[in-house]
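Trainee: Let me begin by handing over the structure; questions about it come next.
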Amino acid sequence: MAPMGAQIGNPADPIVTALVEQDKIPWYKKKNLTYLYLIMFPTCIGIEMTSGFDSSMMNGLQAVQNWDEYFDFPRGSRLGIFSASYNLGAIVGLPFVPMISHRWGRKWTIIFGSVIMIIGAVIQGASQNFAMFTISRIILGFGIPYGIVGASALIGETAYPKERATLTAVFNASWFIGAIIAASITLGTFAMPNTWSWRIPSFLQVVPSLLQIIFMPWMPESPRFLIQQDRIEEARDFFIKYHAEGDADSELVKAEIVQVQTAIKIELEHAKLGWRELFRTPGNRRRATITGFLGLFTQWSGNTLISYYLVRILNQAGITEKSTQTRINLGRTCWDFLNGTIIALNVPRLLKRRTGYFICTIGLLCVYVSWTISASQYAQTKQQSAGYAVLVMIFLYSPFYNVGYNSLTYTYLVELFPYHIRTNGIAFFQVFGRAAGFFNNFVNPIALEAIAWRYYITYCVWLGFEIIFVYFMFPETSGRTLEELAFLFEGSENNDLLSKATEKQLGDNIHLDDVPVVGGQKDEERPIVQEIEATVR
C-alpha cells in the first residue's frame with residue numbers, strides 16, 4: 001500500500017517561489033533583513049529557552065541536597081507532580097491562545113505569556129513549601145504556550161521565504177541554550193549550604209521572558225495578521241522594508257501582497273476563526289490528526305525521561321556520585337546544543353520533511369532497543385560496562401531526535417496549516433504535547449521506581465508505531481511558500497485561483513474568468529472572486 005502522506009499535495013505556484021529563487025543575495029548582505037533576524041532572537045527564537053531552562057533545572061535540582069531535603073526528598077508520584085505541574089499549567093492556558101493571537105496579534109500574545117512566566121518564576125524562587133512550588137510551576141506552564149504559539153507563527157509569517165524553514169527550526173534549538181544556562185547555574189550553586197542553592201536557578205528563570213518584553217517594541221508584527229485586520233498599507237510597508245530592502249516597485253512585494261490577500265480571503269470565504277474550524281472539513285481533520293499525533297510523538301519518544309529524570313536513570317546504571325551526575329547533565333546539555341544547532345541550520349535545507357522524520361524515528365527506535373538491552377544487562381550483572389553503554393545511548397539519542405522532532409516540528413506545523421487556523425493548529429499540537437508531557441512526568445518516576453529498565457520496552461513499541469504513522473500520514477511540504485501550502489488537502493482549484501490572481505497582479509494576460517469552478521459555484525457567483533478582481537486590477 002502506498003503511503004497516503006506522500007500522495008497528498010498540489011503543485012507549487014511557481015510565481016513567488018520563482019521570484020525568490022532569482023534572488024541570489026544572501027540575507028546577511030541585506031541590512032533590513034539582517035536586522036529582522038537579529039531582533040527575532042531575543043523576542044521570538046529565544047522563547048524556547050524558558051522550557052529548556054525549566055527542564056534542565058528540574059533535572060539538576062534532583063542532585064541538589066538542599067532542594068531534596070527542603071521538599072522532604074520527593075520521589076515517585078510526589079516528584080512527578082513537581083515536574084508535571086508545568087505541563088498542567090500549559091494545558092489550562094492553551095484554549096485561549098488562538099483567541100488572543102487573532103484579536104491582538106502575535107506580538108501581544110508573546111508579551112502576555114512573558115508577563116505570566118515572570119510572575120511564576122518569582123513565586124517559584126520564593127517558594128516556602130511543596131504547594132507554593134507546585135503552584136508556581138503551574139503559573140509558569142500557563143504562560144509558556146502563549147509565547148511558543150505566538151513566536152513560532154510570527155517567525156514563520158515574517159521570515160523571507162528562503163530562510164523561513166531554517167529560522168523555525170532554530171526556534172526549537174534555543175531550548176538547548178536555556179538548558180545549558182540552567183545546567184551551568186545548577187552546577188555552580190548545588191554545593192551552597194542553604195536554600196539559595198535552588199532559589200537562584202529558580203529566580204533566574206525570569207531572564208528569557210524579560211528579554212522578550214524589553215526587545216518586543218522593535219519587532220515588527222506579522223504582515224499576515226495585518227492583512228487579516230485590513231491594515232494593508234502596514235503589511236505592504238513590511239514587505240517593502242524587509243523582503244525588498246526598501247524597493248517599493250519590487251515585483252516580489254506585489255506578488256507577496258496579492259498572494260497573502262488572496263489566500264486569506266479564500267480561506268475565510270466559508271470559514272470562521274475558532275476551534276471548531278479545525279474539525280469542520282476533511283482537510284482540516286487530516287491536519288488535526290497529524291498534528292495531534294505529532295504532539296504525542298515529541299513527548300512520548302523517550303525524551304522526557306532524559307530531560308527530567310536523568311539522575312534516576314544514572315542511578316539505575318550505577319552512576320551515583322552527585323557531582324558526576326551534575327557534570328553529566330551539563331555535558332549532555334552542551335552536546336545537545338551543539339548537534340541540535342548544527343542539525344537545525346542544515347536539515348530543513350538539505351532534507352525533505354518526510355525523509356527527516358524517517359531518519360528521526362528509525363534512529364530513535366534503534367537507540368532505545370540498544371538502551372533497553374544495556375540497562376537489562378546492568379540490572380542482571382552489575383557490570384559497569386553495561387551502565388556506561390546506557391550513558392552512550394543517552395548521548396546518541398539527541399542527534400536522531402533533533403533531526404525530526406526538534407528541527408522540523410515548528411517548520412512543519414507552520415507549513416501544514418493555513419493562516420486562519422495556524423495558531424489553532426499550533427495550540428492543538430501543544431495540547432497533545434503538554435498532555436503527553438504531563439502524563440510522562442507524572443508516570444515516569446513511578447514506573448522507573450516500580451519496574452526499572454522494563455519500562456523502556458513501552459517506548460520501543462511506541463517508536464515502532466511512530467515509524468508506521470509517519471510513512472502513511474505525513475505529507476511532504478518542503479519547497480513552497482505558506483500561501484502555496486494553504487490548500488494542501490483541498491484540491492487544486494483554490495491553488496489555481498491563487499496563481500491566477502498573482503499572475504494578474506504582475507501584469508500577465510491571465511483572467512480570473514478562466515479559473516475552474518470551486519465548491520459547485522461559478523466564479524461570477526463567488527464573492528471572493530469579485531473581491532480579488534477588484535484587488536488585482
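Cβ coordinates come from backbone N, Cα and C, glycine included.
The domain 'Major facilitator superfamily (MFS) profile' annotation in TrEMBL covers 40-478. Annotated transmembrane segment per TrEMBL: 34-53, 79-97, 109-127, 133-155, 167-192, 355-374, 386-405, 455-474, in sequence order.
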Trainee: Please work out whether the transmembrane segment (133-155) lies in contact with the transmembrane segment (355-374), by counting C-beta pairs under 8 angstroms that are 6 or more apart in sequence and asking whether there are at least 3.
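Mentor: Judged by the Cβ rule, the two regions do not touch, with the required three close pairs absent.
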Trainee: So which of 109-127, 355-374, 455-474 has the most C-beta pairs under 8 Å when paired with the transmembrane segment (386-405)?
Mentor: 355-374
Trainee: With a Cβ cut-off under 8 Å, give me the same-chain residues at least six positions beyond the ends of the transmembrane segment (109-127) that come close to it.
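Mentor: Same-chain contacts beyond the ends: 43-44, 47, 50, 89, 93, 97, 100-101, 133, 135-151, 154, 199-200, 202-206, 208-210, 212-213, 216, 423.
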Trainee: The transmembrane segment (355-374): which same-chain residues, six or more beyond its ends, come within Cβ distance under 8 Å?
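Mentor: Distant Cβ neighbours of the transmembrane segment (355-374) are 297, 301-302, 347-348, 386-387, 389-390, 393-394, 396-397, 399-401, 403-405, 407-408, 453, 456-457, 459-460, 463-464, 466-467, 470-471, 474.
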